[in-house]
Structures are given as structure tokens and as C-alpha cells.
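Q: The structure is given below, and queries will be raised subsequently.
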Amino acid sequence: MAGSHPYFNLPDSTHPSPPSGPPSLRWHQRCQPSDATNGLLVALLGGGLPAGFVGPLSRMAYQASNLPSLELLICRCLFHLPIALLLKLCGDPLLGPPDIRGRACFCALLNVLSIGCAYSAVQVVPTGNAATVLKGSSTVCSAVLTLCLESQGLSGYDWCGLLGSILGLIIIVGPGLWTLQEGTMGVYTALGYVQAFLGGLALSLGLLVYRSLHFPSFLPTVAFLSGLVGLLGSVPGLFVLHTPVLPSDLLSWSCVGAVGILTLVSFTCVGYAVTKAHPALVCAVLHSEVVVALILQYYMLPETVAPSDIMGAGVVLGNITIIPAWNLSCERTGKVEE
């Protein structure tokens, strides 16, 4: 990191600082966020906010053209394939180094399973609730798995922000779980919630496997493999399960294109963030996706937003603010003491 380089600790002999005040360079060091805080901010702005548009846009494409989740997954995977050109230009193998190629493919498979579960859930469950269950389960599973497998714990304030954010998610999704309809519709809705939970579990496992990959081009390699594995698994099923469906109007094509671009941006930002910060904290910051999805659900879709949704969204926003703010304040305090 730039702030720890010896050059930044040398006194400036050409422009001496006044004896009564601290050097301006020390002030710059004091205010410079660490890699972990940068990762959390990237996850918040580049990962959570764009991902919040994906659920509503997917629902709009489904309502306009009856576009199933399998076709939407294939369209998204197509946006990952051009990354092969970047890998070729850099001279890197498309599938990664031979010794860790299996882990990279397994990570890509987990990503595809998470995406497929999310797209299936959003077609039978309100978009905000589907995002809530997926992000909540990914956060809890990431915290438990990282603690058990990597022995990497969290501070008290991190736990406070994480658990408070999960409380907000429970406030959002709780009333809907208690009022499931009886009969076939209720079964489909319950299965949608189960798919969202499994998607969060697959996401947390994928993040842990991703953190174990150590080679220069691991981010573009996993992104390309996610598209390749998704296509290899989805295209055969497309002709077995049902007749292929294409978007029927400009709105559907626009939604599909926007979903592909936004998910690729979100994937890249989350992939960067999880190498800098604790996976559970990254997943907690990604709860901002839920707030964005609820706002778009209210303004763009014929789906009501209950008072509990608004209350839970406020709790989520307050708690995901605690995590990067506390990390940044700790860094500043530590640098002042130095």
C-alpha cells in the first residue's frame, strides 16, 4: 500500500513544515483509507448499487416477454465471454494455471448456481424480498464459513453492523413469510424463498473459494469461466426443459442488455472487494442492493412496498454505514497514535 512505502515516511527537506503544526504529509496519511475500507466502498458503490437494478429489470423482462430465468442466465453469460480477449492480450491462459484450474472452475460453477437461483426466485417472489433472503443468507454463511475455515474473526463493531443489517432484512421479509398463501401459489412462493437462500449459500462458498485463488489474472479468469460454465450448463437445458424464448420487444432487449452490463460491473467490483476485506463485511455492505431493489419495486413494478419494508430498509442503511465508517475511524485513530 502506498501509505506504508518508505518514501512516504521521509521528511520533506525542501518544504519544511512549521514547528507548531503537524506536517501536511502526516495529515494525508491520517486521512488515507486502507485497502479494507477501499474494498468496502467499492463493494457498496460498484457492487451493491448496480446489483439492485438487476432484480427489477429481470422481472420487467419476464413480464414483457415471459422470458424464463434460463434464457436470462444465458444472456448474462454471453457478456462474460469477451473477457477472453483481455486474457489473450495479456498472454494469460483462459482457464487459469493448470494446478488451480479445478478450483477456478468450481468457483465459477458456484457463481452460476447463485445467479441461477437468484433469477428463478425473483420470478415468483417480490424482488426486494428475494434480494433480502439472498443477501442475508450469504452474509450469515460467509461469517460462519470464514470463521470456521479461515479462523478470521470480526471486531465487536463489525458484528454490530452485520447483525443489525441482518435484523433489517428480517424486518423486511418476515411479514411476507408469515402470510404465505395456501395451495399451489404458496408452494411456489416458498420454493422461491428456498432458491434465494440456496443462492446466498452458493455465493458465500464461491467467495471463499475465490479468496483461495492466488495468481495474477484470477479476477478476469474467474469472470470468463463463469460465462463459459454458465453457457455449457444452460444451453443443453434450454432445449430439454422448454422451447427457447427470445425477448419480443425493445423493452425486453433493453432490460436484458442492462442486466448483462450491470451484473458484470457488480461481479468485478465484488471480486476486487472480497480480496481486500472480510467476505462477511462485503456481503453486509452489499445489502444496499436490497434498498435499491425496494425503491425500484415501488416506482417501476406493480408491487407494493409495505411499511415494514421501509423500516427494514432504514435499519439496513444505518447498519451498513457503521461498517466502513468504523473501519475508517479505526485507521485514522491508529495513524494518529503512530
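Glycine too: its Cβ is placed from the backbone N, Cα and C atoms.
Per Swiss-Prot, domain 'EamA 1' is recorded for 49-174. Annotation source Swiss-Prot lists domain 'EamA 2' at 272-325. Swiss-Prot lists 1-28 with the feature region 'Disordered'. Sequence annotations record features per position, and here Swiss-Prot assigns transmembrane segment to 37-57, 67-87, 105-125, 160-180, 190-210, 221-241, 250-270, 281-301, 310-330 based on sequence analysis.
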Q: Going along the chain, which residues at least six beyond the ends of the transmembrane segment (281-301) come within the CB cut-off of under 8 Å?
A: 39-40, 43-44, 47-49, 51-53, 55-56, 59-60, 126-128, 131-132, 135-136, 138-139, 142, 154, 158, 161-162, 165-166, 168-169, 172, 203-204, 207, 270, 273-274, 309-310, 313, 316-317, 319-320, 323-324
Q: Let me spell it out: take the transmembrane segment (221-241), skip the flanking residues so only those 6+ beyond its ends count, and list any with a Cβ under 8 Å from a Cβ in it.
A: 70-71, 73-74, 76-81, 83-84, 87, 92-96, 104-105, 107-109, 111-112, 115-116, 210, 213, 215, 264, 267-268, 271
Q: Taking residues 6+ outside the transmembrane segment (250-270), which of them lie with a CB under 8 Å of any CB in it?
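A: Apart from its flanks, the transmembrane segment (250-270) reaches 42-43, 45-48, 50-51, 53-54, 57-58, 60-61, 64-65, 67, 72, 75-76, 78-80, 111, 115, 207, 219, 223, 226, 282, 286.
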Q: Could you pull the average pLDDT for the domain 'EamA 1' (49-174)?
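A: The average pLDDT of the model in the domain 'EamA 1' (49-174) works out to 81.
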Q: Excluding the flanking five residues on each side, which residues at least 6 beyond the ends of the transmembrane segment (190-210) place their CB within less than 8 Å of a CB in that stretch?
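A: Cβ under 8 Å, 6 or more out: 103, 106-107, 110-111, 113-118, 120-125, 129-131, 133-139, 141-142, 145-146, 149-150, 173, 177, 180, 218, 222, 270-271, 274-275, 279, 282-283.
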Q: How many helix, strand and coil residues does the domain 'EamA 2' (272-325) contain under DSSP?
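A: Secondary-structure breakdown of the domain 'EamA 2' (272-325): 41 helix, 0 strand, 13 coil.
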Q: In the domain 'EamA 1' (49-174), how many residues does DSSP assign to helix, to strand and to coil?
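A: For that range the per-state counts are 101 helix, 0 strand, 25 coil.
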